[in-house]
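> Shown below is the structure under consideration.
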Amino acid sequence: MASQLTDAFARKFYYLRLSITDVCNFRCTYCLPDGYKPSGVTNKGFLTVDEIRRVTRAFASLGTEKVRLTGGEPSLRRDFTDIIAAVRENDAIRQIAVTTNGYRLERDVANWRDAGLTGINVSVDSLDARQFHAITGQDKFNQVMAGIDAAFEAGFEKVKVNTVLMRDVNHHQLDTFLNWIQHRPIQLRFIELMETGEGIELFRKHHISGQVLRNELLRRGWIHQLRQRSDGPAQVFCHPDYAGEIGLIMPYEKDFCATCNRLRVSSIGKLHLCLFGEGGVNLRDLLEDDTQQQALEARISAALREKKQTHFLHQNNTGITQNLSYIGG
């Protein structure tokens, strides 16, 4: 195996977020309020199963232990189960997760688990069906809830739920969410609304710091847990009276980037060193053939020398990210 991916600031990278499409069938207000609009990439332009097999093999060789499949909505790909199986071929990758809007969970989650999926994140921004419809543009709340139940029935011991925290939308609904997870092994993750190129006005109107929730959780006796090396950026809290957990993702907090352990590859094969960075490093020309793996690993390793110490969100610099469907949030 090649040496562990490490950047100039001694951060080690165990976690790959791999976007497999930027297409989504939801119209979430904070991401794609006007719906998906193709950006010159046809469905045939997204990474193929063989290309995904090659890129994840290279990352596995470079020490990656966890791969998260993102989008867009990953399950819109008809070959999604084959993609999971292709990633599963790498013994070094211990965790394969997906972030999904959940609309196909009930139908397909058992097949995904059989193919090798080990973790699920479902986006649920409200537990009120009408508000869910207003946020997502889809009247599928009950379908998504049934999908979460189906995930437990398929054998997943825990389901993570992502909730984008928005002032005057859901920030005051903590008790409703806590009641929901009291007897369910759900890790509910509140994600601070992040500014993107297309979402400046929404950010100014609805952003609220996750510190407000953290202070309230600590006041109620919730306990901050230690992170594992392949965990994502959430600060996780538990409570003896709850089966579920609470996670807080606060990208505007001081030193948020100090524990960065993840890299991103877009659905068209570009390596992105930061969600809010510029440009990206093209990998696709080295995904054509199995004989290119050594060169692929070398390019990935070399690119890390350019990773910045921190994002520049505090300076309102959102980089290339116009919306979160582009490289998977």
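Heads up, the Cβ atoms here are built off N, Cα and C, so glycines get one too.
Per Swiss-Prot, the features are:
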type	residues	note
DOMAIN	8-234	domain 'Radical SAM core'
BINDING	ARG17, ARG68, THR99, LYS160, ARG262, LEU263, ARG264	GTP binding site
BINDING	CYS24, CYS28, CYS31	[4Fe-4S] cluster 1 binding site
BINDING	TYR30, GLY72, SER123, MET194	S-adenosyl-L-methionine binding site
BINDING	CYS257, CYS260, CYS274	[4Fe-4S] cluster 2 binding site
> From the binding-site residues ARG17, CYS24, TYR30, SER123, pick the residue whose C-alpha lies nearest to the C-alpha of CYS260 ([4Fe-4S] cluster 2 binding site).
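For CYS260 ([4Fe-4S] cluster 2 binding site), the closest Cα among ARG17, CYS24, TYR30, SER123 is found at ARG17.
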> Under 8 Å Cβ-Cβ from SER123 (S-adenosyl-L-methionine binding site), six or more apart in the same chain: what's there?
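Residues satisfying the criterion: CYS28, THR99, THR100, ASN101, GLY102, VAL161, ASN162, THR163, VAL164.
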> Just to be sure I understand the packing, how many Cβ atoms besides its own are within 10 Å of the Cβ of CYS257 ([4Fe-4S] cluster 2 binding site)?
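Result for CYS257 ([4Fe-4S] cluster 2 binding site): 18 other Cβ atoms within 10 Å.
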> Please give me the binding-site residues out of ARG17, CYS24, CYS31, ARG262 that lie within 10 Å of CYS274 ([4Fe-4S] cluster 2 binding site), comparing Cα atoms only.
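Hits: ARG262.
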> Please classify the secondary structure at CYS257 ([4Fe-4S] cluster 2 binding site) using three-state DSSP.
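For CYS257 ([4Fe-4S] cluster 2 binding site) - judged by DSSP and reduced to three states - the answer is helix.
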> DSSP three-state call for LYS160 (GTP binding site): helix, strand or coil?
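Reduced to three states, the DSSP call for LYS160 (GTP binding site) is strand.
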> Can you give me the Cα-Cα distance between CYS31 ([4Fe-4S] cluster 1 binding site) and ARG68 (GTP binding site) in Å, rounded to a whole number?
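So the alpha carbons of CYS31 ([4Fe-4S] cluster 1 binding site) and ARG68 (GTP binding site) sit roughly 19 Å from each other.
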> Can you tell me how far the Cα of ARG17 (GTP binding site) sits from the Cα of CYS257 ([4Fe-4S] cluster 2 binding site), in Å?
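A Cα-Cα distance of 16 Å.
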> Could you state the whole-number distance in Å separating the C-alpha atoms of LYS160 (GTP binding site) and CYS24 ([4Fe-4S] cluster 1 binding site)?
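One finds 20 Å between the Cα atoms of these residues.
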> Should ARG264 (GTP binding site) be counted as helix, strand, or coil on the basis of DSSP?
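For ARG264 (GTP binding site) - judged by DSSP and reduced to three states - the answer is strand.
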> For CYS28 ([4Fe-4S] cluster 1 binding site), list the number of other Cβ atoms lying within 10 Å of its Cβ atom.
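That number is 19.
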